Amino acid sequence: MSELERSRYATLYGPTVGDRIRLADTDLFIEVTDDLSRGPGGTATGDEAVFGGGKVIRESMGQARATRAQGAPDLVITGAVVLDHWGVVKADVGIRDGRISALGKAGNPDTMDGVHPDLVIGPGTEIIAGNGKILTAGAVDTHVHFICPQQVPEALGTGVTTLIGGGTGPAEGTKATTVTASPWNLHRMMSAMDGWPVNVALLGKGNTVSEDAMWEQLRAGAAGFKLHEDWGTTPAAIDACLRVADASGVQVALHSDTLNEAGFVEDTLAAIAGRAIHAYHTEGAGGGHAPDIITVASFANILPSSTNPTRPHTVNTLDEHLDMLMVCHHLNPSVPEDLAFAESRIRPSTIAAEDILHDLGAISMIGSDSQAMGRVGEVVTRTWQTAHVMKRRRGALPGDTVADNNRARRYVAKYTICPAVAHGLDAEIGSVEAGKLADLVLYEPAFFGVRPSLVLKGGFIAWAAMGDANASIPTPQPVLPRPMFGAAPGPAAASSLMFVAPAALQDGLDERLGLAKPMVATADVRRRGKADLPENTATPDIRVDPDTFTVRIDGEAVEAAPAAELPMAQRYFLF
């Protein structure tokens, strides 16, 4: 039997077991640990499913006679390297009815060995060539201020397919807080998001001791609550909100009291009383008890996240934050009290500790804080920049040797499965697994985490790197991220979900509101804790000196070492 050199095989079919792939221009490498596209055991070599002139997927060769009614998939992505929280494997990925049907070997079982029964390519099967590319789940941005609709294409162009947050546009409340309050506002925003190819979960206002006011929002379509200090995050409000959350099953996102007016971090923890809660921007630059809100990442019931402007700590981080904070929280730099408020939130020691806590898996998620001290199009990029900086500073994670699979699995989970689990969306989205919505992002390795080749929303191409539309082929410059047919309002609604509290469906909201986008109830998250966040479960002891702001993690002081240079930056972007 003739053999191919490994390099020749990779050129023809993409990398296979033992091959390593560099992620963009970072120091991070992933290694393929299994090749499902070769069939069970990786032994069915020589007839890999490849599309093109003179290639495999042709009638009575790699294409079988199976009709859609007989189970043929609508789409197969061939030979992609899947990077997910559960591993790094090569596979053909089948999609049917907008959901992932299987990972395995695709083709024609009449002529090929080891074909997965749910990956039989028929005349009705479309093909995307994933060979040599990396496939991830669509990103979940768990901290979105809905300030302007233009955020949606910016997010989609970077692989974000789910938006969790709140707002009504550029109102002062929205510019500061991720809240869509009142049934009328919720219904207007749900209608506004109906034609965009993104999943949406809107958060209602939890800053009240009126349980009736909170239940009213849940029945109107809120998928959870936001507690924000600008509305008054008092211990009484925290307790009342969590009581309603426990009764309804939804998540609560917390932005605590920076000024410590109603209590200190210990008082907030006492009000939480061991109940599950999602702590936004846990480091504190985005808000929260100064200077020690970061200590909440020690607790098993706290689901901690970061927002991306502090990711990772660089020589420019502190300077840009002061101006951002003044605008976002409606402060006046000429008022001494406002300036003191702003400066109390920007601490190099806690930002440096945030880097380490992400690498340990102690801070579990990363979101944007879009246009409110964060950038909606940089969730994915900032995550991998953090991973790169941590590898340079801390070396390989336990279990990693020539490749960084453990670190890659930890970091990809921070913007996919972990936020999905935290908000009760993981039955539908968050990973590349059979049965889930086919929200998928395909990258050339050199552009990983920076510019996707394709973004699939519910199995249909919604966004892509596309050349001049008047050219004779798709590739002539300028190649830009552009909306595709899946971004049109009809397929966008059909391929996306509107997440709501169970109480909304029980109250018949889906029938009353009449959205094109299907409404799906969030799962009960009240018994979920950090232990349920894949690859990000650590609960180290974290202490902050109240005078010097020095942070100690398991007794070891963190020294600030801001990065002066990052990958995935000017090499890819002009501006």
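Glycine too: its Cβ is placed from the backbone N, Cα and C atoms.
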Same-site Ni(2+) 1 binder from Asp369, Asp400, Asp404, given that Swiss-Prot records His143, His145, Lys226
Asp369
Need one residue: from His255, His313, the one Swiss-Prot lists with Lys226, His281 for Ni(2+) 2.
His255
Fewest other C-beta atoms within 10 angstroms of its own C-beta: which of the recorded positions Lys226, His329 fits that?
His329
Between His255, His281, which of the binding-site residues has its C-beta surrounded by the fewest other C-beta atoms within 10 Å?
His255
C-alpha spacing of His255 (Ni(2+) 2 binding site) relative to His228 (substrate binding site), in angstrom:
5
Relative to the Cα of His143 (Ni(2+) 1 binding site), which of the recorded positions His255, His281, His329 have a Cα no more than 10 Å away?
His281
Write down the Cα-Cα distance for His145 (Ni(2+) 1 binding site) and His281 (Ni(2+) 2 binding site), rounded and given in Å.
14
